[in-house]
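According to Swiss-Prot, the protein has these features:
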DISULFID  Cys95-Cys187  disulfide bond
CARBOHYD  Asn6  N-linked glycosylation site
TOPO_DOM  1-23  topological domain 'Extracellular'
TOPO_DOM  48-55  topological domain 'Cytoplasmic'
TOPO_DOM  78-98  topological domain 'Extracellular'
TOPO_DOM  119-137  topological domain 'Cytoplasmic'
TOPO_DOM  157-193  topological domain 'Extracellular'
TOPO_DOM  218-233  topological domain 'Cytoplasmic'
TOPO_DOM  257-267  topological domain 'Extracellular'
TOPO_DOM  288-309  topological domain 'Cytoplasmic'
TRANSMEM  24-47  transmembrane segment
TRANSMEM  56-77  transmembrane segment
TRANSMEM  99-118  transmembrane segment
TRANSMEM  138-156  transmembrane segment
TRANSMEM  194-217  transmembrane segment
TRANSMEM  234-256  transmembrane segment
TRANSMEM  268-287  transmembrane segment
Amino acid sequence: MASTSNVTELIFTGLFQDPAVQSVCFVVFLPVYLATVVGNGLIVLTVSISKSLDSPMYFFLSCLSLVEISYSSTIAPKFIIDLLAKIKTISLEGCLTQIFFFHFFGVAEILLIVVMAYDCYVAICKPLHYMNIISRQLCHLLVAGSWLGGFCHSIIQILVIIQLPFCGPNVIDHYFCDLQPLFKLACTDTFMEGVIVLANSGLFSVFSFLILVSSYIVILVNLRNHSAEGRHKALSTCASHITVVILFFGPAIFLYMRPSSTFTEDKLVAVFYTVITPMLNPIIYTLRNAEVKIAIRRLWSKKENPGRE
């Protein structure tokens, strides 16, 4: 951190100012976060022990669920605890740590969604060569690449923010640490830093979104050569992917691809993609996937009847 900084602690304004509303939010968001951890954790457990789900598609799905848990846990626990606190504080080092892991897991999730789209493309457009192309080694490399991409992205974000001097005030108009609200507290011009963040976050999201849209267009065009049953199964899988893409990329593009003025709308949108969306993803994937639902039923059946094989 720059030597001119004398701010060591930051204060969040929070999502709402009314204590009664904050109490209601606590009652709502605590079960949502617990459902996120349990739902995504159940997918990870089911895929890891179910032989019927031993395919690249479900391997990627379990990795995505693991990232969802990590991504939501970066923000949600402190946010929920702060709903009951009169003064919501975080150290400057804790703020930077939160920014790092928030962007790390966020970009890792984006890249995993792109990987899953590629897997879907190969499965539908090149089914005869699927096992040769999507090998176990490639699966591990793609997942490792997603995590590495998230790490590199976060390092850039931290290098941008760590050079800024913070002389006061120390109140962040948000309920968690992110770059744009923190820029408002810097006692120097942050135009260039804002441009770097726009290029690193916003344009990255848009570029990834365009890749995803292009891949789904190619998939839909190729579905004309499939049977009615094959089209139905492929469309069901694609519908789940597309729904997750819209839920994740919509808010991200809204936040990072427009000038910042006030953060009232930003905070409401941020709640959606930091708390709500991670809970919805396992529901979206399991409700439209018969194999996952059957595997989960078998898992529970074994727990209830441990003597049965």
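Just so it is clear, glycine is given a Cβ too, placed from its N, Cα and C backbone atoms.
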Would the transmembrane segment (138-156) and the transmembrane segment (56-77) count as touching if the test is at least 3 Cβ pairs under 8 Å, pairs 6 or more apart?
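Taking Cβ pairs at least 6 residues apart, the transmembrane segment (56-77) and the transmembrane segment (138-156) are in contact, with 3 or more under 8 Å.
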For Cys187 (disulfide bond), what is the tally of other C-beta atoms lying within 10 angstroms of its C-beta?
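Summing over all protein chains shown, Cys187 (disulfide bond) has 16 other Cβ atoms within 10 Å.
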Take the Cβ of Asn6 (N-linked glycosylation site) and count every other Cβ within 10 Å, whichever protein chain it belongs to.
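Asn6 (N-linked glycosylation site): 11 neighbouring Cβ atoms within 10 Å.
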Might you confirm whether the transmembrane segment (194-217) is in contact with the transmembrane segment (56-77), defined here as three or more C-beta pairs under 8 A between residues 6 or more apart in sequence?
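By the criterion, they do not touch.
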Going by DSSP, is Asn6 (N-linked glycosylation site) sitting in a helix, a strand, or coil?
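In three-state terms, Asn6 (N-linked glycosylation site) counts as coil.
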Once the DSSP letters are reduced so that anything not helix or strand counts as coil, what is Cys95 (disulfide bond)?
helix
Given a Cβ distance threshold of under 8 angstroms, which distant residues of the chain, six or more beyond its ends, lie next to the transmembrane segment (99-118)?
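That would be 57, 60-61, 63-64, 67-68, 70-71, 74-75, 142-143, 145-147, 149-151, 153-154, 157-158, 161, 176-179, 182, 201, 204-205, 208, 211-212, 215-216, 241, 244-245, 248-249, 252.
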With every protein chain in view, how many other Cβ atoms are within 10 Å of the Cβ of Cys95 (disulfide bond)?
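Around Cys95 (disulfide bond), other Cβ atoms within 10 Å: 23.
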Where Cys95 (disulfide bond) and Asn6 (N-linked glycosylation site) are concerned, what is their Cα separation in Å, rounded?
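That separation, Cα to Cα, works out to 15 Å.
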For the topological domain 'Cytoplasmic' (218-233), find every same-chain residue at least 6 residues outside the stretch whose CB is under 8 Å from a CB in it, and list them.
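Apart from its flanks, the topological domain 'Cytoplasmic' (218-233) reaches 120-121, 124-125.
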At the Cα level, what's the spacing in Å between Cys187 (disulfide bond) and Asn6 (N-linked glycosylation site), rounded?
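Their Cα atoms are separated by 11 Å.
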